[in-house]
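K.L.:
The structure under discussion is supplied below as structure tokens; questions concerning it will follow.
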Amino acid sequence: MVKIFIDPGHGGSDPGATGNGLQEKTLTLQIALALRTILTNEYEGVSLLLSRTSDQYVSLNDRTNAANNWGADFFLSIHVNSGGGTGFESYIYPDVGAPTTTYQSTIHSEVIQAVDFADRGKKTANFHVLRESAMPALLTENGFIDTVSDANKLKTSSFIQSLARGHANGLEQAFNLKKTSSSGLYKVQIGAFKVKANADSLASNAEAKGFDSIVLLKDGLYKVQIGAFSSKDNADTLAARAKNAGFDAIVILES
């Protein structure tokens, strides 16, 4: 059993960075909760604990103490940047060596593959959560809240889902996580494109009509997915609703 501690940065009276009508504390929680859902629904042999699951203040000491007392195998702190830049970067504590450096490289690479963010590189910093955690720790900075282009991406649920998916893919690779040994998931797909911009456009259209969407890169195509279910009946119901809304929806069983 791999024990992963997920830390959505800031919260409560501490909003974190702000800009373009967004607050960092809200975005970090959205990414963390989406990541928890993916890991819980799609993987086995993984145990999760979050530093917070709502808009509450948690001190830095309480965050690392919770992870240390729980005996986590990995500490993942999720943040959003500010300062006028653009793109994604990740941090580990200086001079920690393997396996932390390996985990950083793997997760960083998977996030970059999953989202349309510039790669600002793998970095080190003397952050509290990296220094005081008793296990390998990584802090990710997911775009710049005060840069309009980054903020516009962070405002869409499909982009938040893609960020969560990138983190999940990285954790799968880093810790050799196994997919749940079920009969698979029935996924509702409304499009597949060679050009990511076309997939993003369809995803935005779906969101405007009330569907949660995510863009996934698989087999060389950017696929727009609006749901995944263990029950085919639930998938069929969503597909029918999507068709009524004008989308060319199909249900795909993936093991």
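Residue 1 is the first one shown; counting continues down the chain.
Positions of Cβ are set from backbone N, Cα and C atoms, glycine also.
Residues or ranges marked as domain 'MurNAc-LAA' in Swiss-Prot: 4-172. The Zn(2+) binding site annotation in Swiss-Prot covers HIS10, GLU24, HIS79. The active site annotation in Swiss-Prot covers GLU141. Residues or ranges marked as domain 'SPOR' by Swiss-Prot: 180-254. Positions annotated as repeat '1' by Swiss-Prot: 184-219. Per Swiss-Prot, the feature region '2 X 35 AA approximate tandem repeats' maps to 184-255. Summarising the annotation, Swiss-Prot assigns repeat '2' to 220-255.
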K.L.:
Out of these recorded positions, GLU24, GLU141, which one has the fewest other C-beta atoms within 10 Å of its own C-beta?
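P.N.:
Output over recorded positions GLU24, GLU141: least Cβ neighbours within 10 Å is GLU141.
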K.L.:
Check the Cα-Cα distances from GLU141 (active site) to the binding-site residues HIS10, GLU24, HIS79 and tell me which is shortest.
P.N.:
HIS79
K.L.:
Which has the fewest other Cβ atoms within 10 Å: HIS10, HIS79, the binding-site residues listed?
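P.N.:
Least crowded of the binding-site residues HIS10, HIS79, by Cβ count within 10 Å, is HIS10.
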K.L.:
Could you give the residue numbers and ranges of same-chain residues that sit at least 6 residues beyond the repeat '2' (220-255) on either side and whose C-beta is under 8 angstroms from one of its C-beta atoms?
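P.N.:
Beyond its ends, the repeat '2' (220-255) has Cβ neighbours at 41, 179, 182-196, 198-200, 202-203, 206, 209-214.
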K.L.:
Taking the center of the Cβ atoms of HIS10, GLU24, HIS79 at the recorded Zn(2+) site, which other residues in this chain have a Cβ no more than 8 Å from that point?
P.N.:
PRO8, GLY9, PRO15, GLY16, ALA17, LYS25, LEU27, THR28, ILE78, VAL80
K.L.:
Could you pull the average pLDDT for the repeat '1' (184-219)?
P.N.:
89
K.L.:
Can you see whether DSSP assigns GLU141 (active site) to helix, strand or coil?
P.N.:
strand
